[in-house]
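**Student:** Not my notes, these are from TrEMBL:
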BINDING   GLY10, ALA11, GLY12, LYS13, GLY14, THR15, ARG127, GLY166  ATP binding site
REGION    30-59  region 'NMP'
BINDING   THR31, ARG36, ASN57, LEU58, VAL59, GLY85, PHE86, PRO87, ARG88, GLN92, ARG129, ARG140  AMP binding site
Amino acid sequence: MRLVLLGPPGAGKGTQAAILSEKLGVPHISTGDLFRANIGEGTPLGLEAKSYMDAGNLVPDDVTVRMVESRLEEDDAKAGFLLDGFPRTVPQADELERILKGLGLDLDGVVQFDVSEDVVVERMLARGRADDTEDVIRNRMQVYARETAPLLDHYADKVIKIKAEGTVEEINAATMAELDKLK
Ligand code: ADP
């Protein structure tokens, strides 16, 4: 199955993606995790991404798209994938379409994790990642509203909306039930 996971920062995409990846047998591809791995290894890509991430801004599309393209070309992605954190802008969605077309593939669905702003701020402050300070969180929320939320219209015919405010298990069960309908 080839899915895009969408939702504001702190919506729990990463947590749900890890479980879904196991159950569906497809890799979880998180751009945030790929960037953080590059930062950890001190690669040129990591050095470039870090200043944007620390401020809660988006890493430029060209850098991000190249990283995702090479990841999608790896063998394990042939079975399908869960994209977490990409696309995050309409131009990135257009690039994804180009990449998939080149591979002769199409998306099966776009899972939207719907959650209120209060809940996401609470979750992120509890998580305590380097870019989870209050100012940076606020900026990331604004960037989401401005750059990423338009993707819900862009993908209107593919969106599967999940209410993402219960327990981790409840949200996973709701997602699996919806995905079963795609088969
Ligand atoms: P969250 O889901 O909490 O926003 P992520 O780990 O997905 O956290 O992303 C952290 C940061 O990584 C973002 O704020 C941004 O700087 C960068 N990033 C991740 N994905 C993308 C992307 N597709 N385009 C540009 N920047 C990205």
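Quick reminder: no glycine exception, Cβ is built from N, Cα and C everywhere.
Note that the structure is a prediction, hence the values are computed from the model and not measured.
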**Student:** Please list the binding-site residues from ARG127, ARG129, GLY166 whose Cβ falls under 6 Å of any atom in ligand 1.
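**Tutor:** List returned for ligand 1: none.
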**Student:** Given a 10 Å Cβ-Cβ cut-off, pick out the one of the binding-site residues GLY10, GLY12, GLY14, GLY166 that has the most other Cβ atoms nearby.
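**Tutor:** Selected residue: GLY10.
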**Student:** Looking at the binding-site residues THR31, VAL59, ARG129, whose Cα is closest in space to that of GLY10 (ATP binding site)?
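**Tutor:** Closest candidate to GLY10 (ATP binding site), judged by Cα separation, is ARG129.
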**Student:** Just the number: how many Å between the Cα atoms of LYS13 (ATP binding site) and ARG129 (AMP binding site)?
**Tutor:** 15
**Student:** Under a three-state reading of DSSP, tell me whether VAL59 (AMP binding site) is helix, strand or coil.
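**Tutor:** Note: VAL59 (AMP binding site) is coil by DSSP, not helix or strand.
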**Student:** Taking the binding-site residues one at a time (LYS13, ARG88, ARG127, ARG129), which has its Cβ surrounded by the most other Cβ atoms within 10 Å?
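**Tutor:** Its Cβ has the most other Cβ atoms within 10 Å: LYS13.
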**Student:** Sorry to bug you, but what's the C-alpha spacing from THR31 (AMP binding site) to ALA11 (ATP binding site), rounded to the closest Å?
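**Tutor:** Distance (Cα to Cα, whole Å): 15 Å.
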**Student:** Who sits close to THR31 (AMP binding site): which same-chain residues at least 6 apart have their Cβ under 8 Å from its Cβ?
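**Tutor:** Correct list: VAL59, THR64, MET67, VAL68, ASP84, GLY85, PHE86, ARG88.
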**Student:** Could you state the whole-number distance in Å separating the C-alpha atoms of ARG127 (ATP binding site) and ASN57 (AMP binding site)?
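**Tutor:** The Cα atom of ARG127 (ATP binding site) is 19 Å away from the Cα atom of ASN57 (AMP binding site).
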**Student:** Given the model, what does the mean pLDDT over the region 'NMP' (30-59) come out as?
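**Tutor:** Value for the region 'NMP' (30-59), mean pLDDT as a whole number: 97.
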**Student:** Rounded to the nearest angstrom, how far is the Cα of ARG129 (AMP binding site) from the Cα of GLY12 (ATP binding site)?
**Tutor:** 14
**Student:** Express the distance between the Cα positions of GLY14 (ATP binding site) and ARG129 (AMP binding site) as a whole number of Å.
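**Tutor:** Distance (Cα to Cα, whole Å): 13 Å.
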**Student:** Cβ atoms within 10 Å, counted per site: which of ALA11, VAL59 has the most, among these binding-site residues?
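**Tutor:** Of ALA11, VAL59, the one with the most crowded Cβ is ALA11.
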